[in-house]
């Protein structure tokens, strides 16, 4: 799709990219200008994630369910392509953020490159499969708002001038971990399994090549595995910290 300005038709992707880049720069130079230099880039990344996550869930849900064809192999609709453009623009912006400020963070850079591969091939190579990709996007971003609030609080929890951040971080951690665990540890694998089974049975024969859906499956499978390991480690840290705090309290009482 494209946006018409007068007699000029501008593709969605450049407009969305300009939007996310502008939000990032405003966040870095204005919104978080008083934050420590070490955490300003991360906070700015969180802000563009906030502008992407929940809107992407809403737009993707609407794009999928407004279509009469909702097969994992059905042709992409114009609305679905717009959502793909929206997400590609976000991941491109965030990828540049990591390349500039965290070039050694190979895990996130690799994640963003792989995600862009999935979105771009669905959008511009085969023109099919958006229902599957957007379904995964919904599951990936439905936890975004909570995760970004938790991340922003975590970035400032060690700042003596921000006691509120510690309280927010401690308050959000258990429910966020539980929500994330259900979505990424249960719903995500179930949807992923359904998608792989569909393609393995030849459901997309003739429209999505085997090498491509297998590539998608590898990317998504690795992402789900890493997410599960990440949240598992956070649960371990949470229980370890609470156990240590309980021991300290018991010692004080004695």
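Easy rule for this one: first residue shown is 1, then count along the chain.
Placement of Cβ uses the backbone N, Cα and C atoms for every residue, glycine included.
Sequence annotations record features per position, and here Swiss-Prot assigns domain 'TLC' to 38-248 based on sequence analysis.
Sequence-distant contacts of the transmembrane segment (12-32) (same chain, six or more residues past either end, CB-CB distance under 8 Å): 1-3, 39-41, 43-45, 47-48, 51-52, 81-82, 85-86, 88-90, 92-94, 97. Marked as transmembrane segment by Swiss-Prot on the basis of sequence analysis: 12-32 (among others).
With a threshold of 8 Å between CB atoms, the same-chain residues lying at least 6 positions outside the transmembrane segment (45-65) that come near it are 20, 23-24, 27, 31-32, 77, 79-80, 82-83, 86-87, 90, 93-94, 97, 130-131, 134-135, 137-138, 141-142, 144-145, 148, 151-152, 155. The feature transmembrane segment is assigned by Swiss-Prot to 45-65 (among others).
If you look up Swiss-Prot, you'll see 82-101 (among others) marked as transmembrane segment, on the strength of sequence analysis.
What Swiss-Prot lists as transmembrane segment is 124-144 (among others), and the listing cites sequence analysis.
Summarising the annotation, Swiss-Prot assigns transmembrane segment to 172-192 (among others).
Positions annotated as transmembrane segment by Swiss-Prot, on the basis of sequence analysis: 211-231 (among others).
Beyond its flanks by at least six residues, the transmembrane segment (172-192) meets 135-136, 139-140, 142-143, 146-147, 149-150, 153, 217, 220-221, 224, 227-228, 231, 234-235, 238 of its own chain at Cβ-Cβ distances under 8 Å.
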